[in-house]
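Presented below is the structure to which this report refers.
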């Protein structure tokens, strides 16, 4: 692996010649940048991608075809100082961000589209594939390459249906079960796809390391390493981020010895707790005419048969169970009858089930059965058997269920209620017709004639073919038809035998006799509403599913286990738990269950959290000490300065859901995914993409859940710098690297971000903890609460970014990369504190630093006062104005644009001569402390100047009366002992304050000798530093700038002894030209400061205070003697 820029001078074996050339070119390029020149794009060769292999494999993944060069600003890439070019991103359509792109359905491929959308919104996998970070031999990872091309096209908005078709062909080529256009399970395809990606990348990740790296190369930052270098030897990307381990423990109830078994998993399949009963409604048909129909609600057992339902209905009606007939009745007529041995799950919740009570049978004589006995001849016995069968048909009764239909066949529709009659099978057609009319007589019109009308309707036997199931009016005994015999012969145990008949009326006859008679209306009992409410509110939580999944169970007697310690068969206790947790946790809800011989889909609502899923209760307890952790976790997964008991490694956030709509026989798959750019949820239904509210994510169709662990961002990711960062999510997104490739013609993301976005959803609270461990390591600095922001969690859980046009002028600046390191401590700030505490003199400082107090650093700063403080923006509660005071409590009028008065020293003419010679020269600091300063442009010329006389009068009166007001300045100054100013100073100014502290120490030590010389010659009168004689820059002030104010000689002498020490303990007023507009790399809070035209600021004053070092983000009081 190539050495980083910082390791070019390290020892170790010599690199090959191509590497040496590249190192020399990079060194030369850095030298040009250090001189302030900017090389052309063609002068410097593109830096290879981290982990790029130059020949033999180094372990991890194999070389990908056509490696993608590292994007500017990526970890390990040197970034030149100065303004950075605006990064380009694929432009959205104005309404949806990149990544919110649908997929074409190529014929029952909804299962494939839903899984691809969920994986595309998996940030770690999407960045890994889209940026080509995998190392696969060409032609040996076709599925992975096609998936990477498809994911890349979704995020660059270059998707075409041809890409998804090629991906489907690749899947069909290597997975024969997915050939054709059949429906498939989304979970089956997901596991197959992850396994295929693992196989494509596994072979190349087991190669030996070709060369031994020098020790200096092993000390480089983790951000410079590729994903393959971060993975353990022999592990693929899927194993590292998707795979974890189960632990199955078997405990002997006698000796309490435990046997553990560990198994890997890619997905956790959670069973859904089932209710023991379910809701079912049944309509009872009573023989009385006052109340014929009553609909009741029942809680029937799930694992039961129709016999249990028949028993429950008999209890509701108060009749014996063997006198209840259960049938299914729809608007088209009778459908089927239910028998006792049938599974109760064959009756759905919405089926119309009718229960008929058998009418009491009239007293009738016993059938005279002629005993066969022994006969003289077989012929006589046969004739007697035929006579007995004829008497059975002619004299037996049969139960008839009939309903009235208008029309014929399958197009008929029912009117009126169903009826149950008992009729003799030997009756004629006319007798059967009169019996039916007597039952429906009360439904007819009063004036309708029913006598001598001939055949009014046709009768069809239900349950057989329509063509051969009609009874003939010409038959003398129509109930003796073969169709009736067949129905009675096919009956099974459960209720009395019966025949279902459909009485089909002609529409004209029906209108003449019944008018507009419709179906019956059944009255609902109170039990219907009660049972519906009890069963419709059934839901469970995801934690309950985990508890049900990991609960301890005892082995059955047939599955007894022989304990190796007791050597006896024992019914051990089995418990399944999670031993390790993956970065990407995939949870499968088992909605398809096997009940008997039938598989059903469970529509139970499983309530799962969108953020903050705590997996700590479901992880196996370690028997080791708490410091041992959870196993061999990589170092980048462990947060810095966290207590060992803080469960940050157990928190997960949801980012995708795969839904199933329909039943087991057929359905449709959709996906709900959260976009990592705007934080909004979107619904993906093949090619249709629509925004989704957060309260609509949790549905009864949720099938597969995708969770990502918080802070599980590897150092090779573009988002690795977002830990502890407060910049926007756009500046840290990996898509910036993809959009910054050479030759990219895609538009900027700002065109999409300027579109109006919906309101910000509620982001889960960030964990707040005390960094006590850091305080102990840093020398006992004052403890300060550290709040991990939104960047601390997964990038897909960031809050949606609002419109750029509505965020003010500060948000319209070009996007910048965050240089905050994930694991590297702020080295520059620590070195600065150590340097100040050591009281050492800076190197390479051969000239006097006092000249900078009276001169300016450039031509654009002539209007600045020699003793004015460096401009610092402050945001205070009272509108951004801070009260300033002069030296030793001398006030500065708030209405004055002049600078505060600074007493002079008594160095005499020699000092004045040196100040003139050294005016305008920059201070030379050691390279170690060459920190950038924030240069704020002066806007004094934009302010209308007031009359000079009025200025001098106000200042003189204020100085004599000791007013507490301070002169306003174009920039806000830093006040050491002002509470408002201290509260108003933002964290962005801390690197600058650290630089001022350094300059104060250098300035103080440099001028100590001059104070001694001044004490030897007290006859030299003190000279004001603001007098024009000492500062040649003051003579050439810009027009419109206020004149320098002079102090009377007596007043200066009176204040000299009292204010002499205050001058040297005050902050330096240097204004050095900065080389870069960015903060130090080591500081996590260092950010470039921008000034909006029209913003007011002021120059600070000198005060006697105890200054603090804020470069580390913490306040530490330093004694004045150190300055």
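Backbone N, Cα and C define each Cβ position, glycine as well.
Feature annotation from Swiss-Prot assigns active site, nucleophile to 110; the stated evidence is sequence analysis. Annotation source Swiss-Prot lists active site, proton acceptor at 668. Taken from Swiss-Prot, the feature compositional bias 'Low complexity' covers 29-39, 1016-1027. Per Swiss-Prot, domain 'USP' is recorded for 101-710. Residues or ranges marked as phosphoserine by Swiss-Prot: 969, 1041. Per Swiss-Prot, the feature region 'Disordered' maps to 1-102, 202-221, 795-826, 854-886, 959-1049, 1068-1099.
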(request) Sort out for me which one of 110, 668 has the most neighbouring CB atoms within 10 A, since those are the active-site residues we care about. (result) 110
(request) Could you state the whole-number distance in Å separating the C-alpha atoms of residue 110 (active site, nucleophile) and residue 668 (active site, proton acceptor)? (result) 7
(request) State the mean pLDDT for the domain 'USP' (101-710). (result) 80
(request) Look up the residue listed as 'active site, proton acceptor' in the DSSP assignment and report helix, strand or coil. (result) strand
